[in-house]
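Asker: For reference, the structure I am asking about is given below.
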Amino acid sequence: MINITLPDGSRREFESPVSVMQVAQSIGAGLAKATIAGRVDGQLVDASDVIDHDASLRIITAKDAEGVEIIRHSCAHLVGHAVKQLYPEVKMVIGPVIAEGFYYDIYSERPFTPEDMAAIEQRMQALIAQDYDVIKKVTPRAEVIEVFAQRGEEYKLRLIDDMSDDITAMGLYYHQEYVDMCRGPHVPNTRFLKAFKLTRISGAYWRGDAKNEQLQRIYGTAWADKKQLDAYILRMEEADKRDHRRIGKAQDLFHLQEEAPGLVFWHPKGWSLWQVVEQYMRKVYRDSGYGEVRCPQILDVSLWQKSGHWDNYQDAMFFTESEKRTYAVKPMNCPGHVQVFNQGLHSYRDLPIRYGEFGACHRNEPSGALHGILRVRGFTQDDGHVFCLESQIESEVTAFHQQALAVYTAFGFDDIQIKIALRPEKRLGDDATWDKAEAALRSALGVCGVEWQELPGEGAFYGPKIEYHLKDAIGRTWQLGTMQVDFMMPGRLGAEYVDENSQKKHPVMLHRAIVGSMERFIGILIEHHAGAFPSWLAPVQVVVANITDAQADYVDAVRKTLANQGFRVSADLRNEKIGYKIREHTLQRVPYLLVVGDREKENGAVAVRTRSGEDLGTMTVSAFIERLQAEQAA
């Protein structure tokens, strides 16, 4: 007998091994029709998979998050089915699930066009309408190789060749004549795939390496039903309006170009925005007791070997050579801060010692992963490191938590989720050390009285970390700040202090950042505010515009008065109609436009308009300055 325990605690008995779908059928026809997969003893399996032992089972439907993920993965396979019918000469590569969607990488001699994407989507809809079953066959490795060799799918053969020799069989999923390999699970029938849409085509490289051949990447999204799909499309339309690349170009903030992939060219207004953020964060450093430092961009690889980055991070590092020595361009700031700490002898009474740096780092991100200024190769972090005693961890983490929340509130974020990323599989140190580090973070958050989610396997290689996830104006979540506890690196790099017994010991090292990458944070700010920044943050806070040439001198005097008060202000003296000027600066999302005619000039006043079109009337320059100063303070 096979005993199946359901989520409500009830049990069902079967005389012989039984599939997930058969269990669902025994419960009811409605559930069977809705069944996508199952979770057997916690493991996701296909609806056709057989249970041959006593087990717990949860039926997965489209109402479950796992069900939607499976729908997306199956849609990627459906892309393959449609593409191979339309363009049989192409070679299929990989088709994973990503956030809110999926993609498929394909090798094609010619780039796909928007017309191709429309044809692929139409063929997918036609295939779904056939309502066919997706068939899973667990197949010996040698036979899988034969299947793909006969079909000329050389990339599939390369992927198989990369797999461990321990893998002797794998799942093949058949969409009629099309076959793909996958761990699964997948939907049992194409009727689950109706709520999908292909979204865009881009280029990618095989294995993410620009030296390899270029692939075509087809992106799509899929949902449980049309209502969810329509809601997603509306969100994406709003996200497109807020796209930082679009706004960055419209407001002349920055640009990127092919000669410097993943590296940003900041324009005057964009750099002004950067400086506002940096100076704000510099004040956070000062107010929190951090001494600002500056460390070299390149360091001999021997230091990265000692720190552990060489073994755990070298694939993401850039290197250069000089006089037969190899140097690494720093991907992180932490080893440099340890070198600063190591200059001199420290007593336990000196701790905690806090260093902060706006440190420029470089990481060799795959070209296909680059995205505007949200994912770059060269970036600057508001990076800080605290060298402290174990007994000081809780108070330091608590203080950081309060700092981080205050910063996020100031920049307009009030929906914040907190997570703890726990030990990854590839890591330094022993379990006892990790136990201690993870317990320290839990304890500190407990003192703060906040709830958190735990993420097994997602910590840094040298320690667990607290992550701050912020929800933006259209409901997207961004991971920003981190606080990491590190018992490893101080010992590896020789950081020491003298304790109360005159013994040398290694301090605990806390790695912290509030905004993280400045580039990424500014990109998030642009999209969160749709380019309409709060007046204190805006790259240009005020534009003073004349109606005729007769007010030019007065406009310049007003501009100078505001500039002398520290405001970011420009004058628009162009020979254009005032209505044109108002429209242009409104589109530029400038918070305030001061209009000056003969009457304002005579009275030493300005007519104040906001970017939303609100007419605040006429006021003296000093009254307007008071208004702007109040917003600065806020």
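Using N, Cα and C of the backbone, Cβ positions are placed for all residues, glycine too.
Here's the feature list from Swiss-Prot:
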type	residues	note
BINDING	CYS334, HIS385, HIS511	Zn(2+) binding site
DOMAIN	1-61	domain 'TGS'
REGION	243-534	region 'Catalytic'
Asker: Fewest other C-beta atoms within 10 angstroms of its own C-beta: which of the binding-site residues HIS385, HIS511 fits that?
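Answerer: Candidates: the binding-site residues HIS385, HIS511. Fewest Cβ atoms within 10 Å: HIS511.
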Asker: Residues other than CYS334, HIS385, HIS511 within 8 Å, Cβ to Cβ centroid, of the Zn(2+) site?
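Answerer: Not counting the recorded site residues, we get MET332, ASN333, HIS337, VAL338, ASP383, GLY384, GLN484, ASP486, MET489, MET509, LEU510, ARG512.
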Asker: Once the DSSP letters are reduced so that anything not helix or strand counts as coil, what is CYS334 (Zn(2+) binding site)?
Answerer: helix
Asker: Per DSSP, what is the residue count of the domain 'TGS' (1-61) in each of helix, strand and coil?
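Answerer: Its residues fall into 14 helix, 26 strand, 21 coil.
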